[in-house]
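Participant: So TrEMBL lists the following for this protein:
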DOMAIN    11-316  domain 'Aminoacyl-transfer RNA synthetases class-II family profile'
BINDING   Glu73, Gly74, Thr75, Arg103, Gln117, Glu121, Arg249, Tyr253, Tyr254  L-histidine binding site
Amino acid sequence: MNDCLPTKSALWQRVEGTIKEILHTYGYSEIRTPIVEMTNLFYRAIGEVTDVVEKELYTFQDRNGDSLSLRPEGTASCVRAGMENGLFHNQEQRLWYMGSMFRHERPQKGRYRQFHQFGVEVFGLTGPDVDAELIMITACIWRALGIIDDVHLELNSIGSFETRANYREALVAFLQQHESVLDDDCKRRMHTNTLRVFDTKVPEIQDVLTDAPKLYEYLDNESKQHLLGLCELLDSVGIQYSINEKLVRGLDYYNRTVFEWITGKLGTQGTICGGGRYDGLVEKLGGDTTAAVGFAIGIERLVLLIETLGLNKTRPIVDVYMVTTGEGTLIAGMKLAEVLREKIIGLRVMMHFGGGNFKKQFKRADKVGASVALVLGEKEVSQNMVTYKDLKSGEQLIISQDDVAGKLAQLV
Ligand code: ATP
Ligand code: MG
């Protein structure tokens, strides 16, 4: 679990702010849910034989003896909240959330025990139009962050429940023929959650799986049409993708469309966004049949990618540094700073506190990255003037305090 220190939080804010703004331009609204849920919710929603539930859940008993778990992802909570509050009753919902998720994984680059996801969930729309929109939203986010050329989209359809049941038989038969190369994880999955063998990160097993029966050949007609429809929409808006027949995703609730955005720049933890359709989940949790589709972006990996590409520039925390020296100048500076913050929305003015000579104060101004220092001595204060020093060019002039806002407005 990581601290997000001030040196990093500005980039996080830029990333989160960009994503939020984009989602609002598509008409999506925020939902906030608790970070703990009844453990049973995750067992039912995500599936008991998934890594997330089997190995990674943070579970504890509260004082009533109830079993609670920290959420490992956001979809289950969204569905629970929607059901409890009647959000799915003859309604469409286009929701987003951002928050901490918890998985007891082996910590490594790109995989942490507390991490953050930006998620989107849409309910009541069967697609494939909305599937395409979700992918368009993600593409829009990558463009805004400048990483679109460093990620690619992989797409698949895992069909209906029946598709997977039929396919499973064929896959088990294939795996039994190759049992000698499988590791324990895959052997176990073969019987409990067969499709999940495609999640393996072991290259030798991945090689063998290249020859496995293709799920596409078992796909029901409606799912095929759905996938073709989605591909057509993506083609017409110019979003490139590749079909990855082995893409199955780590949670049980998906059907039909599944997709991932992957980067080659982060090693094995290269998936920065995963999503798909989960039309059966609301019903599985006891609600009415409700079409649903969503995705989640892993913010740590996204931030890591932005840093790796050297795109992590953020605006300095301070535009203007207020330097004062002499009797009564500090309070005059604080008042002037208040006026400036009020007049110029978004202007960042930092006061120098603790006294000291000019040299010391200017050093601080440089350290915080200010572009301008305003200097108030006793003389300036008595004449309602201020010294304006451009810290980049060194230019310095004395102007009226009433005119300084006009000169600073260009900074924001
Ligand atoms: P992976 O196979 O890479 O572990 P996953 O299938 O477990 O991913 P999802 O449950 O689909 O991941 O979560 C969506 C996204 O959240 C991932 O693509 C990834 O960017 C991010 N993510 C998942 N687990 C972690 C983690 N432990 N630490 C940081 N980010 C994570
Ligand atoms: Mg995982």
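Using the three backbone atoms N, Cα and C, a Cβ is placed for every residue, glycine included.
In TrEMBL, annotation is done automatically, which means it is predicted and not curated.
Since this is a predicted model, take the numbers as computed values, not measurements.
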Participant: Around the Cβ of Thr75 (L-histidine binding site), how many other Cβ atoms lie within 10 Å? Please give the count over every shown protein chain.
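Facilitator: I count 24 other Cβ atoms within 10 Å of it.
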Participant: Which binding-site residues, if any, among Glu73, Thr75, Gln117, Tyr254 have a Cβ under 6 Å from ligand 1, given in order along the chain?
Facilitator: Glu73, Gln117
Participant: Which whole number is the mean pLDDT over the domain 'Aminoacyl-transfer RNA synthetases class-II family profile' (11-316)?
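Facilitator: Here the predicted model's pLDDT, averaged over the domain 'Aminoacyl-transfer RNA synthetases class-II family profile' (11-316), is 94.
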Participant: State, in Å as a whole number, the widest CA to CA span among the L-histidine-binding residues Glu73, Gly74, Thr75, Arg103, Gln117, Glu121, Arg249, Tyr253, Tyr254 given in the record.
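Facilitator: Greatest Cα separation within the listed binding residues comes to 21 Å.
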Participant: Sort Tyr254 (L-histidine binding site) into helix, strand or coil using the DSSP assignment.
Facilitator: coil
Participant: Far apart in sequence but close in space: which same-chain residues, 6 or more away, have a Cβ under 8 Å from Arg249 (L-histidine binding site)?
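Facilitator: Within the chain, Arg249 (L-histidine binding site) has Cβ neighbours under 8 Å at Ile158, Val258, Glu260, Gly274, Gly276.
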Participant: On a simple 10 Å Cβ count over all chains shown, which one of the binding-site residues Glu73, Gln117, Tyr254 is most densely packed?
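Facilitator: Neighbour-count leader: Tyr254.
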Participant: Could you find out if DSSP has Thr75 (L-histidine binding site) as helix, strand or coil?
Facilitator: helix
